[in-house]
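Taken verbatim from TrEMBL:
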DOMAIN    A:149-176  domain 'C3H1-type'
ZN_FING   A:149-176  zinc finger
REGION    A:293-346  region 'Disordered'
COMPBIAS  A:305-319  compositional bias 'Gly residues'
Amino acid sequence: MAAAAGDGAEFPILCETCLGDNPYVRMTKEPMGRECKVCVRPFTVFRWLPGRGMRYKKTEICPTCAKLKNVCQTCVLDLEFGLPVQARDSALGIEGSVPQQDGNRRDYTARTAGSLDVVGGETEFSGRAQPAGRAMLERIARKGPYYRRNKPHICSFFVKGQCTRGNECPYRHEMPQGDPELAKQNIVDRYHGNNDPVAKRMLARAGKRAAPLTAPEDKSVTSLFVMGLGDAVAQDDLRDHFAAYGELKSVAIAPKGACAFVNFKTRAGAEAAAQAALGGCVVGGQALRVAWGKPRPKGPTTEVGGSGSGNGGGGGVGGVPRIPAPPGAAGAAMYPSQDPTARGAS
Amino acid sequence: MPKVQASRRGKEEPPEGWSDLEPTLQEFKQKMRDAENESAAGKRRVESTWSVMRVHHQRSRYIYDLFYKRKAISRKLYDYCVKNGHADANLIAKWRKQGFEKLCCLQCIQARDTNYGTACICRVPKAKLEEGRVVECVHCGCRGCASTD
């Protein structure tokens, strides 16, 4: 009867969040259950409960479409980062190879359907060749599964005040929160990476966080604080890279090896280097984050890492924490932590 | 000709005690008709048959109660009621089994009707449900027919 057996999918291509927290999840499989939301071809629909108090989720796009963009079949977010297609593609410089127009797309997906046995196909989605972009994505990505996404949808009757189901209503009785601009999403646009409000917002925020490479007012600061060094980056690599922007006074790597100070002889050189490293520079294969150093340029710091915003870690000689003035003595600092000259944990 | 044919032609006489039962059963009949003719306004798609299932349960319960619990009618009268559609023998058969004393309808124990081959959610005792969750099962609108509830 069914000449088209459909895809022989045994298990859907899903992200951690969509699958849920239950290791014993039960799933129904319905061969040729629905049309794919992107390519409109029938495919095997899987349906499961991603945890207690969640709504039932099902696969929305077919495995072919999912593989072509390396996304989850339900939420259409990247499998590796959990980020929208538009965000990932712009960060990694991936050109969309899936045609968007009706006929072209149908032809393309039909042609590639059989030959995709490895997720991702020919395109490289993890960005190993673009460490800067990849580092950026790793920063924006969530650190753990986000199960809030699996909650039941908001009861539209409740919003109007007309929900007659009351207590047994399976939908959420809450008012819609969040920016209404972000609510206007369309699965096909999200899949191809066009016009995705969430992606746009993410990229804007990431861009802003990189921007505090604005020069500090203190003109004597000529040092840059560099984070993200791995084992591979040696002092020489840093010297070679930054010497191109101006003469270096010194390069000091922290004993832990995760960050370094690059001190320039001239302020102009420092600024040039900072500008060039705006999006994140790559030295010795490692993607680095560059920020302005604090007004004590020399010496390594005992603290590792720090935020990506304009402040580097304390640049003083690590070790003895200075006992801060008693609270209220100077009048300016109420708490030890407010004292800007305090070093280390008190 | 065999006697069966002759008795099939005419309506069989109701056994003794029928006159006590009749008014209530007539009421049930009326209720059923009302349930069937209700308008579908403001109801969910599945909700439209719930009142029918409800009357069906109530009606059968009445007969079951009289015969098996209170033993107030004779076997003959019971059989007569069942035969004339005033009670559902299959449903009553379930009520006589342990654990199914308060069963709402036959659909809710039909494993074939569920996605995972289980019984309906209304069969789960409230003690096991947790979360203070209120359920209305999709088949008959039952809120819990486990014997412990």
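Quick reminder: no glycine exception, Cβ is built from N, Cα and C everywhere.
Here the zinc finger (A:149-176) has long-range neighbours at 17-18, 20, 50-51, 53-55, 57, 75, 183, meaning same-chain residues at least 6 beyond its ends whose C-beta is under 8 angstroms from one of its own. This prediction places the mean pLDDT of the domain 'C3H1-type' (A:149-176) at 94. With DSSP classes pooled into helix, strand and coil, the tally for the domain 'C3H1-type' (A:149-176) is 10 helix, 2 strand, 16 coil.
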